[in-house]
């Protein structure tokens, strides 16, 4: 009997220590007090040993942990929106700063943008005839447009392609007419009887037995050399002024 009576007392002692709200009321009967004491003991044991709680309640705890982990991520959207607004304001400020320095349209000038695109330093702006400085006048002479011997106004003269002489621009027309209409020099064909030095055209030795051409100025050359020379020139290689 003593052991049976000590059981509820010990349970009531534990109930008072851990959970006072689970004690039965003073107006309850003895049987109800005993049942209440047993329920309080079970509640105290459940609070003291949480590992004995059924597994059906565990998903709710994990769901609560997931909700708690997801809760701090909510303010990220306003922060991203605030960053986007800052970037947009910076970009609009940059556009506003660049607006006073807009480049004018190159096609609004006297010469369109097509000329500037297709022009180069060599052709002098597309090779078009434009007045110098925008003033009315004749076509502009571009450097490199003509060979050196055909640009008399730039070099003060030209080299005659016939006689290889430099002639002033004032005498250019007359000199060309004279060179082109001048009769071809005739020569006497002969056989060299002895060595006579070197040929001024091919720079080879004139040896005995070679067929030579003797010009009116008494200059002698290889016949083949002087024939090739006369195909381009109409004067003696050593006396171009004659």
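If you go along the chain as it appears here, the first residue is 1 and each next one adds 1.
Note: Cβ is positioned from N, Cα and C throughout, glycine not excepted.
Small disclaimer: the values here were computed from a predicted structure and weren't measured.
Over in Swiss-Prot, the protein carries these features:
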REGION    1-141  region 'Disordered'
LIPID     2  N-myristoyl glycine
MOD_RES   19  phosphoserine
COMPBIAS  19-29  compositional bias 'Low complexity'
MOD_RES   21  phosphoserine
MOD_RES   25  phosphoserine
COMPBIAS  30-41  compositional bias 'Gly residues'
COMPBIAS  59-97  compositional bias 'Low complexity'
MOD_RES   82  phosphoserine
MOD_RES   89  phosphoserine
COMPBIAS  99-118  compositional bias 'Polar residues'
MOD_RES   113  phosphoserine
MOD_RES   116  phosphoserine
MOD_RES   135  phosphoserine
MOD_RES   145  phosphoserine
MOD_RES   151  phosphoserine
MOD_RES   193  phosphoserine
ZN_FING   199-240  zinc finger
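In the three-state DSSP scheme, residue 193 (phosphoserine) is classed as coil.
Counting residues per DSSP class in helix, strand and coil order gives 8 helix, 8 strand, 26 coil for the zinc finger (199-240). Mean pLDDT across the zinc finger (199-240) comes to 83 in this model.
Within its own chain, residue 193 (phosphoserine) has 208 as residues 6 or more apart in sequence whose C-beta sits under 8 angstroms from its own.
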